[in-house]
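What TrEMBL records for Gly105, Ala106, Phe136, Asp220, Glu221, Ile222, Gln223, Thr278 is pyridoxal 5'-phosphate binding site. What TrEMBL lists as N(2)-acetyl-L-ornithine binding site is Arg139, Thr277. As annotated by TrEMBL, N6-(pyridoxal phosphate)lysine applies to Lys249.
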Amino acid sequence: MHNQDLHTKDQQFYLPTFKRIPITFIKGKGSNLWDIENKKYIDLLAGIAVNNVGHCHPKVVKAIQEQAADLMHISNFFVSPPQVALAELLVNLSGLDRVFFTNSGAESVEGAIKIARRYAHSIGRGGKIISMHNSFHGRTLATIATGQPKYQEGFGPMPQGFVQVPFNDLEALKNEISKDLAAVIIEPIQGEGGIRPADVSYLKSVKELCEKEDVVLIFDEIQSGIARTGKWFAKDIYEIQPDIMTLAKGLGGGTPIGAFLCNEKIAKAIQFGDHGTTFGGNPLATSAALATLKVIVEENLLQSAHDKGLWLKAKLEELKLTNPVIKEVRGEGLMLGVELAIPATELVQNLLKAGIIANATAINVLRLVPPLNIPMEDLEQFIEILSVEIKKFQIPKS
Ligand SMILES: *Cc1c(COP(=O)(O)O)cnc(C)c1O
């Protein structure tokens, strides 16, 4: 079928929740994608920070193929070798004590909220959850209740017990602390909100405050985790240990899997039957995740994300000097945002025509979250193209 026919059928049958770009992809390798007309692209979006080891990494492909031939699914009533191995590895990498596997980011956040409330109730606190303005934690009911009002419109009534405060504002958070409060959920680096890192002193104060008040601190590392920032998790840049951490996106190398981890204090509040999942952490998904994490170690992708991130950031800063339309360059490792003085949509469209996949988030931020093993030649080519495309935009005269 041709691209146009596929697009037409897609428009006919798929729920119209995504404003699709009419491009059909059929193949990926490393940091490259090919569309159905065999046009090659450099992928700086990586399926929204998912393909951290690149598209179709041979070791991940092999792990999935072998596991699919052996055993795909058994239910969580039984033990499976890849799930045990992945649980142990994630506990060791994170310094937390326990893990639960899910199928997506939102589901990880849902689980995190549940166990945080469970713990809070066990020590006589209420169930209120504080989240940050401009945060993003998913699209289920509870996760939209934590998020931006635009995602809640028309979906009421909202689940109860969610309050938002401004990001990087300690006083605002302090004002919401009461016996009612169960947990604070924060992305150490806001992703959908426009690649906005938390201030170091702010996040350290939040940690101290939560510890003092025995309020559960949840870090949502669904976008910032899995070596994206040059560390295994963004929390390692801040050197702050949360009580609970959520993961998904990059964890499975393209396979849908998420997780939340917690410390023993929280885990003690959980009893048999308190939470569950049918698919979560099945042998197929966990073997893909295990292979993904092994590739990150073997190919030294923490270093790669760090070094390439520094290079890319420096190049973007350089472009900023001669292009006033670039307001700010933010982020860590290969989780970078270029804030423009104008909406980023047109630039994104022009880049796409030139064979570069990136996206606009928070309206005027160009988000760059490429595979961590993207070759330097691809990054160089991107900078070359961006420097041509960005010149076409000027700051609108007001
Ligand atoms: C993407 C994302 C989610 C939601 O993940 P889904 O897999 O789409 O449910 C939650 N939190 C953050 C920080 C994210 O970036």
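From the backbone N, Cα and C atoms, a Cβ is placed for every residue, glycine too.
Recorded residues Ile222 (pyridoxal 5'-phosphate binding site) and the residue listed as 'N6-(pyridoxal phosphate)lysine' have their alpha carbons 6 Å apart, per Cα-Cα distance. Here the C-alpha separation of Thr277 (N(2)-acetyl-L-ornithine binding site) and Ala106 (pyridoxal 5'-phosphate binding site) works out to 13 Å. Taking only the Cα positions, the spacing between Asp220 (pyridoxal 5'-phosphate binding site) and Lys249 (N6-(pyridoxal phosphate)lysine) is 11 angstrom. Taking every protein chain shown into account, Arg139, Lys249 are the recorded positions, and of these the Cβ with the most other Cβ atoms within 10 Å belongs to Lys249. Checked against ligand 1, the binding-site residues Ala106, Asp220, Glu221, Thr277, Thr278 give Ala106, Asp220 in sequence order as having a Cβ less than 6 Å away from one of its atoms. Secondary structure from DSSP puts Ala106 (pyridoxal 5'-phosphate binding site) in a helix. Secondary structure from DSSP puts Asp220 (pyridoxal 5'-phosphate binding site) in a beta strand. For Asp220 (pyridoxal 5'-phosphate binding site), other Cβ atoms within 10 Å of its Cβ number 34. In the three-state DSSP assignment, the secondary structure recorded for Lys249 (N6-(pyridoxal phosphate)lysine) is helix. Most buried of the binding-site residues Gln223, Thr277, judged by other Cβ atoms within 10 Å, is Gln223.
Annotation for Ala106 (pyridoxal 5'-phosphate binding site): same-chain Cβ neighbours under 8 Å, separated by at least 6 residues, are His137, Gly138, Arg139, Thr140, Thr143. The number of other CB atoms found within 10 A of the CB of Phe136 (pyridoxal 5'-phosphate binding site), across every protein chain shown, is 26.
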